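**Q** One structure, as structure tokens, below. Some questions next.
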Amino acid sequence: MAPPALQAQPPGGSQLRFLLFLLLLLLLLSWPSQGDALAMPEQRPSGPESQLNADELRGRFQDLLSRLHANQSREDSNSEPSPDPAVRILSPEVRLGSHGQLLLRVNRASLSQGLPEAYRVHRALLLLTPTARPWDITRPLKRALSLRGPRAPALRLRLTPPPDLAMLPSGGTQLELRLRVAAGRGRRSAHAHPRDSCPLGPGRCCHLETVQATLEDLGWSDWVLSPRQLQLSMCVGECPHLYRSANTHAQIKARLHGLQPDKVPAPCCVPSSYTPVVLMHRTDSGVSLQTYDDLVARGCHCA
């Protein structure tokens, strides 16, 4: 069976490259100089000076793979990535006030619905019409959010538009919010709160799920030598409205699916990042090592 068409790329990180270099050097020094690279042991010289056979090489490879995984785990624990930024598209209430000002009303709960408390507004852009230039209202919105006192269910902003945006608001006004985890709170909050709260119940929304599979399960036993068993992280679960949206396109897709489910499919749970996997496999010339960067999922989102 021919190997699947996967893109093979070198892994990142100096430690990983150095260890792979050592293993390649071991293969060059220990592999037979003539004949088939996968020749049977009886075809090689016997005695303490004999060449390493395939089983011994597999053992060395498994040991190296264990050390690579240990190094990767230490790197992950020491440099945990920040949670992904989030985007919200809202439809605020806008009306014309006195002296050419615009009165904007936004539901406070909709600003960070479905996100942990650590998320804060990073930027706010108001589009009065679909063709209008975005109007940055980050400062007045943050100022309204920082006011102390009783928290009203809605934020009310009185805005003076720039001259080139002096126009009557239309029914298509949109507010685009870009949210990030507040500085200094990301790691603690990421552990204290789940990234998203699934409205369908625990375990039903888009998430990672690990499945163990052998080379025989995958149909790879005729060309892959090591590892003999893989832990494959898969993205499974449903994508309810605005849950873990990958981007603005995914949010629009979710909205249109709610309006026209027969024409627009719902967003799907797909990988957002991957963990590199090293495979030792047979080639026409012997044995080769390849790193597959798009085989095992590391994170999931809806797209």
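Using N, Cα and C of the backbone, Cβ positions are placed for all residues, glycine too.
According to Swiss-Prot, the protein carries these features:
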SIGNAL    1-30  signal peptide
CARBOHYD  Asn71  N-linked glycosylation site
DISULFID  Cys198-Cys205  disulfide bond
DISULFID  Cys206-Cys269  disulfide bond
DISULFID  Cys235-Cys300  disulfide bond
DISULFID  Cys239-Cys302  disulfide bond
**Q** Across all the protein chains here, work out how many other Cβ atoms are within 10 Å of the Cβ of Cys206 (disulfide bond).
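**A** Taking every protein chain into account, the count is 23.
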**Q** Restricting to the same chain and to sequence separations of six or more, state which residues have a Cβ under 8 Å from that of Cys198 (disulfide bond).
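**A** Long-range Cβ contacts: Arg204, Cys205, Pro240, Tyr243.
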**Q** Work out how many Å separate Cys235 (disulfide bond) and Cys269 (disulfide bond) at their Cα atoms, rounded off.
**A** 6
**Q** Cβ neighbours within 10 Å, counted over all protein chains: which one of the disulfide-bonded residues Cys205, Cys235, Cys300 has the most?
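**A** Its Cβ has the most other Cβ atoms within 10 Å: Cys300.
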**Q** Would you mind ranking the disulfide-bonded residues Cys239, Cys269, Cys302 by how many other Cβ atoms sit within 10 Å of each Cβ and giving me the lowest?
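**A** Among the disulfide-bonded residues Cys239, Cys269, Cys302, the sparsest Cβ neighbourhood within 10 Å belongs to Cys269.
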**Q** Rounded to an integer, what is the Cα-Cα distance in Å between Cys206 (disulfide bond) and Cys300 (disulfide bond)?
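**A** Given the Cα positions, Cys206 (disulfide bond) is 7 Å from Cys300 (disulfide bond).
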**Q** Take the C-alpha atoms of Cys302 (disulfide bond) and Cys269 (disulfide bond) and report the distance between them in angstrom, rounded.
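**A** About 5 Å separate the Cα atoms of these two residues.
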**Q** Using DSSP with the three-state reduction, classify Cys269 (disulfide bond) as helix, strand or coil.
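**A** Cys269 (disulfide bond) sits in a strand per DSSP.
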**Q** According to DSSP, which kind of secondary structure is Cys198 (disulfide bond) found in, if we only use helix, strand and coil?
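**A** Its secondary structure by DSSP: coil.
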